[in-house]
Amino acid sequence: MGCASEIQAEIFTSFGQLFYASFQTILFLATIIGSLLAIFELCKKTTVPDSTRVLLIGSLFFANAHEFAYFTAPLKVFQLNIFNTNTSCYPLISTRDCIPTTTVLAMGISGNMLIQSALSIDRLLATIFPFSYSRMRALPGFVLLIMVLIPAMFTYSWIRLDIVLDDYQMFCSQWSANISTRANTFLEICSYLTVAHIIINCLIILRNRAIEKRCRFDVTQRYLTSENLKTTQAICYLSIAQFLAMFMYSGGVLLMRKNRENIPTLIYFNVIVWVYAPPYACVSLAPLILFSLWNLKKQRHIQIKSVQSAQKETQDDYIRKLQKSWK
C-alpha cells in the first residue's frame, strides 16, 4: 500500500472533492429510488411490448451496477476526511485490488451502451416482423439482454488483457494508467455507438410512418405500426438523452486523457470528475422511462377518444341519412 503524494492528499481533502462526493451521493440515491419506481411501473400492464420492457429493466440494472461501483469513490472521500486519523498518509489503492470494482464499473458503462443497441434491434424486429414479434412476447428481449450481458461482463477483462496492473491510484473508479490506450479506444467506440443509435432509431421512425400511411385501411397492421411508432419514438428520446450524456463523457474524458500531460494534476482531477457523465445518464434513465410510459399512456387515451368520437359522428351521419330516406 502506497501513500498519496502531497498533491493527491490535497485532492483528497479539497472542498471540491467533498462537494462532488456529496453531489454523487444524491445522484446515487436518486438512481436507486427512481429505478425502483420505474421497475414498478414497467411491471404493470402497459402499452410497452414485453420484449422492450425486459430491455428497459436491463438498462436500469446496468445503470445501478455502475452507480454502486462508482459510489466507492465518494465513500472513500468521506472516509479519509472524517475517519482518517493518520493525516501524514492517505492510502492509495492497488489497481489489482480494484479489479472487482472496476469490472462492475466497466460492465455498467458498456452495458448501458450495448443495451441501446439491443433496443434499436428490438424496434427493428418490431418494424420488419410485427406479427411474429407480437407473438414472441418477451423472448426477443431476453435473448438480446443475454447477448448484451456477456460482452458487458468481460469488457474490463478485454481492456486489461496482457497488461500488468502494478500501479496505485486514489480511487477504484479511476482506471490504471497502464491501460490508457485501450481505455481511449473503448471511449472512441462508445462515441461511435451513440451516434449510430440515434441514426438507426430515426430511420426506424421514418420507416414506421411510411408503413402507417400505406396500411391506412388495414386496421390490425395500422394498430401494430402505430404502437410500434410510439414506442420507437420513446426509445429514440431515451437514446438522445443517453447520447448527450455519453457523448459528453466519451468526448470530454477522451480529450482530457489525451492531454493529461499538459494539465496540472490538481486541476485535472477536480475537473475530470465533472466531465465523467455516466452518473448523469444513470440518474436520468429512470425519470425518462417514467415520462415515456406516462406519455405513451396519454397518447393512447387521446387516440381512443378520437376513434370513439369519429365512430359517434359516423353513426349520427348514418341515422340522418336514414331519416332523410324515409321522408
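Quick reminder: no glycine exception, Cβ is built from N, Cα and C everywhere.
Swiss-Prot has this to say about the protein:
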TOPO_DOM  1-18  topological domain 'Extracellular'
TRANSMEM  19-39  transmembrane segment
TOPO_DOM  40-53  topological domain 'Cytoplasmic'
TRANSMEM  54-74  transmembrane segment
TOPO_DOM  75-98  topological domain 'Extracellular'
TRANSMEM  99-119  transmembrane segment
TOPO_DOM  120-138  topological domain 'Cytoplasmic'
TRANSMEM  139-159  transmembrane segment
TOPO_DOM  160-185  topological domain 'Extracellular'
TRANSMEM  186-206  transmembrane segment
TOPO_DOM  207-234  topological domain 'Cytoplasmic'
TRANSMEM  235-255  transmembrane segment
TOPO_DOM  256-270  topological domain 'Extracellular'
TRANSMEM  271-291  transmembrane segment
TOPO_DOM  292-327  topological domain 'Cytoplasmic'
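Of the two recorded stretches, the transmembrane segment (19-39) lies close to the transmembrane segment (271-291), with three or more CB pairs under 8 Å once pairs fewer than 6 apart in sequence are set aside. Listed as Cβ neighbours of the topological domain 'Extracellular' (1-18) (distance under 8 Å, sequence separation of 6 or more from its ends, same chain) are residues 77, 80-81, 88-94, 168, 170, 265-266, 269-270, 273. Confidence over the topological domain 'Extracellular' (256-270), given as mean pLDDT on the 0 to 100 scale, stands at 76.
The stretch in 139-159, 235-255, 271-291 that contributes the largest number of Cβ pairs under 8 Å to the transmembrane segment (186-206) is 235-255. Stretch with the largest number of CB pairs closer than 8 A to the transmembrane segment (54-74), among 139-159, 235-255, 271-291: 271-291. When Cβ-Cβ distances below 8 Å are used as the criterion, the topological domain 'Extracellular' (75-98) is approached by residues 1-4, 8-9, 12-13, 17-18, 20-21, 165-172, 176, 178 of the same chain, each at least six residues removed from its ends.
In terms of DSSP secondary structure, the topological domain 'Cytoplasmic' (120-138) contains 16 helix, 0 strand, 3 coil. Secondary structure of the topological domain 'Cytoplasmic' (40-53) per DSSP (helix as H, G, I; strand as E, B; remaining residues coil): 8 helix, 0 strand, 6 coil.
The topological domain 'Extracellular' (256-270): residue composition by secondary structure is 12 helix, 0 strand, 3 coil, according to DSSP.
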